[in-house]
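Trainee: The feature active site, proton acceptor is assigned by TrEMBL to H69. If you look up TrEMBL, you'll see D70, V73, G75, D77, S79, E91 marked as Ca(2+) 1 binding site. If you look up TrEMBL, you'll see T197, D241, T244, D249 marked as Ca(2+) 2 binding site. Taken from TrEMBL, the feature disulfide bond covers C38-C118, C71-C76, C124-C317, C203-C228.
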Amino acid sequence: MATAAARCQLLLVAVALAPLLAGVAGVQLSSRFYDRRCPKLQSIVRSAVAQAVATEPRMGASILRLFFHDCFVNGCDASILLDDTASFTGEKNAGPNANSVRGYAVIDAIKTQVEAACSATVSCADIVALAARDSVNLLGGPTWTVQLGRRDALNASQSAANSNLPGPGSSLDTLITMFGNKGLSPRDMTALSGAHTIGQARCTTFRDRIYSDANVNATFAALRQQTCPQTGGDATLAPIDVTTPDTFDTAYFENLASRQGLFHSDQELYNGGSQDVLVRMYRRRASTFFVDFAKAMVRMGNLAPSADTPTEIRLDCKKIN
Ligand code: HEM
Ligand SMILES: *[C@@H]1O[C@H](CO)[C@@H](O)[C@H](O)[C@H]1NC(C)=O
Ligand SMILES: *[C@@H]1O[C@H](CO)[C@@H](O)[C@H](O)[C@H]1NC(C)=O
């Protein structure tokens, strides 16, 4: 019979190895997951994001979007960070992500720092969740407690990325359905869309809106047409929020009220439908928007990979161990 000490030792070995072994998904998240495992984690992420955002404010927007595009494709499992391999075509080159999602290098650099502080302990998926929270806060938005303990997927899916992420031409019904498919309410969807108060978009994503949409402010359309011609200039950027694209505030909802949503999908939230009341409320009260946004981010962050997804703590966010 094993002595208590031997059993204890075995247990310690098992605990130490656990993060290295490929396990199954479905773990319970906790805000204190790394308190003892990696006490410096949150300060490492915070200062790295602060530096990136100081260099280029838009990077905060890019990291926030990266988190959304990770979570909507088989859960927040860092699948979006994997480069293509012989065995799968990854998500980086999927329609909604190619030449569009940014911030991979910032996440990879944070991962390097985190590995130096506590090796083989912190998932890439958790780093993205923390970096998204810090991005919002550093640009003037709310903060919240991030639930931690996610694990990284060993696979990724370009086709899932193509089918699970809403496009800028989406109708209100489609938006409600696509978020509903992820267990998120219409209210979560409208609050999360407030993320479009920061960041930039390519002409190709809003051309239809400024040339042929109904319900668009003519002055605004003319302004955007100046740098987004009917043909060519696909990659030319415009701020999604016409007034304060580097500040996380309620201007997005203000814009919707004056028909200045940049995407058709944005304006759908204020077009005589079920979300009009909420848009008016968020526009009036930043505190309500901030509370709802934070709650919805936590809910989106709880999206877990399917139970049969093999997982690990990836050592390099770009490739499996
Ligand atoms: C509601 C459905 C949504 C649609 C249809 C949508 C669509 C888009 C599109 C088309 C772009 C521009 C991409 C490009 O130029 O290539 C964009 C940018 C962005 N999206 Fe969304 N999005 C949605 C929801 C969200 C959510 C839920 C978040 C985060 C919580 C988010 C955060 C962002 C940010 C921050 C940017 C700017 C990124 C940057 O500047 O790099 N979006 N979105
Ligand atoms: C990864 O594989 C699992 C199990 O086969 C599957 O359920 C999951 O959808 C895959 N991940 C992606 C991103 O498709
Ligand atoms: C259109 O946008 C301009 C600002 O570009 C604003 O002053 C005006 O009130 C808007 N019009 C409508 C109908 O909301």
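Indices start at 1 and increase along the chain as displayed.
Placed from the backbone N, Cα and C atoms, the Cβ positions cover glycine too.
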Trainee: Whole-number Å only: compute the distance from the Cα of T197 (Ca(2+) 2 binding site) to the Cα of C118 (disulfide bond).
Mentor: 35
Trainee: Considering only the recorded positions C118, D241, C317, which residue has the minimal Cα-Cα separation from D70 (Ca(2+) 1 binding site)?
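Mentor: In terms of Cα distance, D70 (Ca(2+) 1 binding site) lies closest to C317.
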Trainee: What is the set of residues, excluding T197, D241, T244, D249, whose C-beta falls within 8 angstroms of the centroid of the C-beta atoms at the Ca(2+) 2 site?
Mentor: I198, T243, P245, T247, F248, T250, A251, Y252
Trainee: Would you kindly give the Cα-Cα distance separating E91 (Ca(2+) 1 binding site) and C71 (disulfide bond), rounded to the nearest Å?
Mentor: 12
Trainee: I want to check the contact list for E91 (Ca(2+) 1 binding site): same chain, sequence separation of six or more, C-beta distance under 8 angstroms. What comes out?
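Mentor: Within the chain, E91 (Ca(2+) 1 binding site) has Cβ neighbours under 8 Å at H69, V73, S79, I80, L82, N97, A156, S157, Q158, A160, A161.
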Trainee: Which of these recorded positions (H69, D70, C71, C76, S79, C203) have a C-beta closer than 6 Å to some atom of ligand 2?
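Mentor: What lies within reach of ligand 2, judged by Cβ under 6 Å, is S79.
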Trainee: I need the CA-to-CA distance for D77 (Ca(2+) 1 binding site) versus C124 (disulfide bond), whole Å please.
Mentor: 8
Trainee: Specify the secondary structure state of C118 (disulfide bond) as given by DSSP, simplified to three classes.
Mentor: coil
Trainee: List the same-chain residues at least 6 positions away in sequence whose Cβ sits under 8 Å from the Cβ of C76 (disulfide bond), in sequence order, or say none.
Mentor: F67, D70, A125, V128, A129, R150, M300, G301, N302, L303, A304
Trainee: Taking only the Cα atoms, work out how far C38 (disulfide bond) lies from T244 (Ca(2+) 2 binding site), in Å, as a whole number.
Mentor: 36
Trainee: Can you list, in sequence order, the residues of the same chain other than D70, V73, G75, D77, S79, E91 whose CB lies within 8 Å of the CB centroid of the Ca(2+) 1 site?
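Mentor: After dropping the recorded site residues, what remains is H69, C71, F72, N74, C76, A78, I80, A153, A156, A160, A161, P305.
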Trainee: Compute the C-alpha separation of C317 (disulfide bond) from T244 (Ca(2+) 2 binding site), stating it in Å without decimals.
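Mentor: Cα-Cα distance, C317 (disulfide bond) to T244 (Ca(2+) 2 binding site): 32 Å.
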Trainee: Among the recorded positions listed here (C228, T244, D249), which has the Cα closest to the Cα of C118 (disulfide bond)?
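Mentor: Comparing Cα positions, the closest of these recorded positions turns out to be D249.
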